[in-house]
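Among the features that TrEMBL reports, active site, nucleophile is placed at Cys319. According to TrEMBL, the feature active site, proton acceptor maps to His753. The Zn(2+) binding site feature in TrEMBL is assigned to Cys182, Cys185, Cys202, His215. Positions annotated as domain 'UBP-type' by TrEMBL: 158-268. What TrEMBL lists as domain 'USP' is 310-791. Annotation source TrEMBL lists domain 'UBA' at 606-647, 667-707. Marked as region 'Disordered' by TrEMBL: 583-604.
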Amino acid sequence: MDLLRSHLHKVRIPEPTNRIHKDECCVSFDTPRSDGGLYVDMSSFLGFGREHVEWNFEKTGNPVYLHIVQRRKPEPDEADRPLKKPTLLAIGVEGGFDDREPEYDMAYEIIILPDFISLPFPSVDLPEKVRLAVDKVILAESADRKQQLAAWVADKKNISAYAMDLQQLDNGVTVPPTGWKCSKCDKTENLWLNLTDGVILCGRKLWDGSGGNNHAIEHYEQTKYPLAVKLGTITADLEAADVFSYPEDDSVEDPLLAQHLSHFGIDFSSLQKTEMTTAERELDANTNYDWNRIQESGKDAELLFGPGYTGLANLGNSCYMASIMQVMFSTHPFILRYFEKQSLKAAFATAPADPTLDLNMQMTKLGHGLLSGKYSAPTKEGQEEIRPHMFKSVIAANHSEFSSMRQQDALDFFLHLIDRVEQANLGNHELNPCSGFKFIIEERVQCPSGKVSYNKRSDYILSLSIPLHEATNKEQLEAFNEKKAAMDLDGKELSNEEIVRPRVPLEACLASFSGPEEIPDFYSTALNSKTTATKTAGFNTFPDYLVLHMRKFVMEAGWVPKKLDVYIDVPDTIDISHMRSKGVQPGEELLPEGASGDNKAEPGPVASEDIVSQLASMGFNYLHCQKAAINTSNTGVEEAMNWLLSHMDDPDINDPISKDSRASEQSVDEASVQTLISFGFPEDVAIKALKASGGNIEKATDWIFSNPEASSSASADSSTSNVNADDAIPDGSGRYKLMAFVSHMGTSTHCGHYVAHVLKDGRWAIFNDSKVAASVDLPKDMGYLYFFQRISD
């Protein structure tokens, strides 16, 4: 006790603003439940496992610690308690999921280093300052818990801008309590009541042919009546009703829903729920055969244990992070940098005062956690797991999306990780584990003059479009489509097992990247005019690790994002040597740099006569048709018609076409910008893409993927950067072997689930958050990101 009193100046009473790490060691994944418990430094409030607390004493000289030990309480009746299958989509209620956590006994004591002298707590003999400090530590919310609470942002539905002043027609419509049917077809499910005119119509047709016949959305397009409520979701709990706003293109809240329903004679208090909401339907869709196949659900898989086979707990929609980190720590550069050549003690010694905020320390901690095998052992529940709270906090610092609890795109996270790790290792090529992923793309542009230009850019991913017309099972697809059409006529629906999906070879996707591409409206400095040029691309260097991104998310009619339901046939090895660029060839003449004439001489916008004539033949005003073609950069008749229909009432629609300005480059539709932002693209990149694509969202999305260098100046998380002569960019053969892939299940990259498969020790393993098992039925054709490793010559 006298020794403790001599160290009282080293004991601090925590303030409300102090971060108290009492859940986990800051340099390892030891917790109070680990052997040896956890030691909380009573000066810095950092937590340390038994193997690491002495490192802190050596570094700081802080001698006083609160030792916390948790031991699970025995549950003698656990084996006798029957396991009931949940019948409700709810937690902690009768019929729902069991949320009962195991209970633990807590034990505390005061430890004085370096000799680990132990003093009991609680004890009246302890100095008052120590008693007060420990009490505050025990009662305080831990730093990890505070972080989770701050990050848990519930995506509540917004109140519709159309709800408060919604027009409702006095047309005498009364909606019966049952017996609903679409007024345009025989559908009796997935029905939506338009809240303006009371018309009942079926919903959207889903990708697999189920759902409705699009009659509700067609009704909106004709009438512009904005809000509809899904019949079958209306109950006494009106907040749970599914209200959709067509102009806002989202599920919304209608505070006056009771009043709006009453207008059509609906007594919501007596209605029972008979239909799933849109969110529930998406959840249900994510449990179909294909998603189960990605997760290898229902397979009698062998659980794997030992170094490299440690699972990562899901921290709340963190599977995108878990899948990427499992792959990265299966690559040699990351293993060397943060495990084999970086000890935990060395990382801690060079870390700042708070190692929980140091990227190098937390990367090293994660690497040792995953690769040491220390946290990979069988448990009563199945498998041990580690919870990477501190790593997520550091890697997501100051990033509004990754610091939230919302699901994110695994590709975006991969690029963000690369960016952060590169910044942390600037100027040291040997330490930078990301250099092995970097490569240079060379683009060659040729205009009709025969002259060419070359441009180089660096990248970390190769984004590939999927040419569905190259499917190898066209006969089966035709037979399936005929069968599906016949069943639709009979009002029958196909089972998931009957669905035939296109199979596209990876070679076709690679060919679509390297093949020639037309560039309309290319300003040629040789011709001093706009023309159509041809662009080809190839690899200037081949990386050690090649990451292929499959562009499965496209835009369909109505600017609705859609995920391609397609299989990619990926071989175990690929050879892309033929994709190497050749540079300037003998006899080639380069395009002059800059415009040879005055910029004012550049001709004004010219409408495509083909597009204009087709639109005019439909009865549209010729001047309006010209404007539509110009404002969509002559991208096509459909795009021009869409623009024309939405701009018919513009006050300047009849003004002459200006030779000095191009409307398509001066402004873009704000709704289109917000749509692209919702897909995860930065605002300035979205604006640039829409300007380059005549306001067409689908073409803008393709433009962004085809011009990744556009975002290099706009976002720190960009996948590209200017090629620097000082960069150490590897090069070698173009032969690769598949070593991992990340799969996605769900309708959007911002919802659903990610799973990683990695080739380890000669066999494939599945990493599904905390589950690590031998792969039984490898879903290699369903990947979203594919990781290839160069085959040594």
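Every residue gets a Cβ built from N, Cα and C, even glycine.
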Fewest other C-beta atoms within 10 angstroms, as judged across Cys182, Cys185, Cys202, which are the binding-site residues: Cys185
Summary of DSSP states over the domain 'UBP-type' (158-268), given as helix, strand and coil counts: 19 helix, 21 strand, 71 coil
Cys319 (active site, nucleophile) and His215 (Zn(2+) binding site), Cα-Cα, nearest whole angstrom: 37
Proximal residue to the residue listed as 'active site, nucleophile' among recorded positions Cys182, Cys185, Cys202, His753 (C-alpha distance): His753
Averaged pLDDT score, the domain 'UBP-type' (158-268): 89
Other C-beta atoms that fall within 10 angstroms of the C-beta of His753 (active site, proton acceptor): 20
Lowest local Cβ density (other Cβ within 10 Å) among recorded positions: His215, Cys319: His215
Euclidean distance between Cα atoms of Cys182 (Zn(2+) binding site) and His753 (active site, proton acceptor), Å: 34
Helix, strand and coil residues within the domain 'UBA' (606-647) as assigned by DSSP: 28 helix, 0 strand, 14 coil
